[in-house]
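As annotated by Swiss-Prot, FMN binding site applies to 10-15, 78-80, 113-118, HIS133. Annotation comment: Swiss-Prot describes TYR12 as NAD(+) binding site. Residues or ranges marked as substrate binding site in Swiss-Prot (evidence: sequence analysis): TRP98. Sequence annotations record features per position, and here Swiss-Prot assigns domain 'Flavodoxin-like' to 4-189.
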Amino acid sequence: MAKVLVLYYSMYGHIETMARAVAEGASKVDGAEVVVKRVPETMSPQLFEKAGGKTQTAPVATPQELANYDAIIFGTPTRFGNMSGQMRTFLDQTGGLWASGALYGKLASVFSSTGTGGGQEQTITSTWTTLAHHGMVIVPIGYAAQELFDVSQVRGGTPYGATTIAGGDGSRQPSQEELSIARYQGEYVAGLAVKLNG
C-alpha cells in the first residue's frame, strides 16, 4: 500500500477545494492510501477571522509525519510568486528530516492558486526548490490532462501542476476544468507511488 499525503494551506477555501479534488483523484488508484491534512495557521484567530479566513476541518499535520508517506502533494496559494508564509513556516521546520534524509526519494508534486493568474507557475517551481533540497522526486503533470489545451475560457492549470484563478477579490471558485486537472494530478502521482512502493 502506497501512502499519499495531500498537504495544503488555504485561507479562503480555494486550495482546500482543490485539495479535495486532488485527493479524490488519488483515491481512484488501487493500492493508494490517501490522507488530507493542512499546515497550521500562523495568524492569530482574531486576524484570521478579520481577514475573512475560512474555517477548515482537515486535521493539522506535523512536519515530522512527512516521513511516513511515499508521496506528498503540496497545495499552496501564491504570495508574490512564492508559497504562502504558512507553508513556508511549516517546511522551515523540516530541517531534522533534511539532516536525516527522511524524505529522500519520496514523490512530491505541487498545486496552487492565484488571484489573477500571476505567479501560478512561479509558485510551483519555487516550491520545488525546497523539495529538491530534501531529495524528493518532483512530479509535474505535463500536458496529459486534456483540459490544459482548452483556451476557450479563463482557467488555471499548468504542465507543472494544477492551479486555480480565484479572481482579484477571491470570488471565483475553482472551475470544473480546474478541478478535473487537480483530480488528474492526484491520480497520476498516486499511480506512480503505487508503482514504486505498492
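Any Cβ shown, glycine's included, is placed from N, Cα and C.
Shown on the structure are the features that Swiss-Prot records.
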residue: SER10; record: FMN binding site; DSSP (3 states): coil
residue: THR78; record: FMN binding site; DSSP (3 states): coil
residue: TRP98; record: substrate binding site; DSSP (3 states): helix
residue: THR114; record: FMN binding site; DSSP (3 states): strand
Subject >> Residue pair SER10 (FMN binding site), TRP98 (substrate binding site) - Cα distance, angstrom, rounded >> reply: 25
Subject >> Cβ-based isolation winner (fewest other Cβ atoms within 10 Å) among the binding-site residues TYR12, PHE80, TRP98 >> reply: PHE80
Original post:
Rounded to a whole number, how many Å is the Cα of GLY118 (FMN binding site) away from the Cα of TRP98 (substrate binding site)?
Top reply: 31
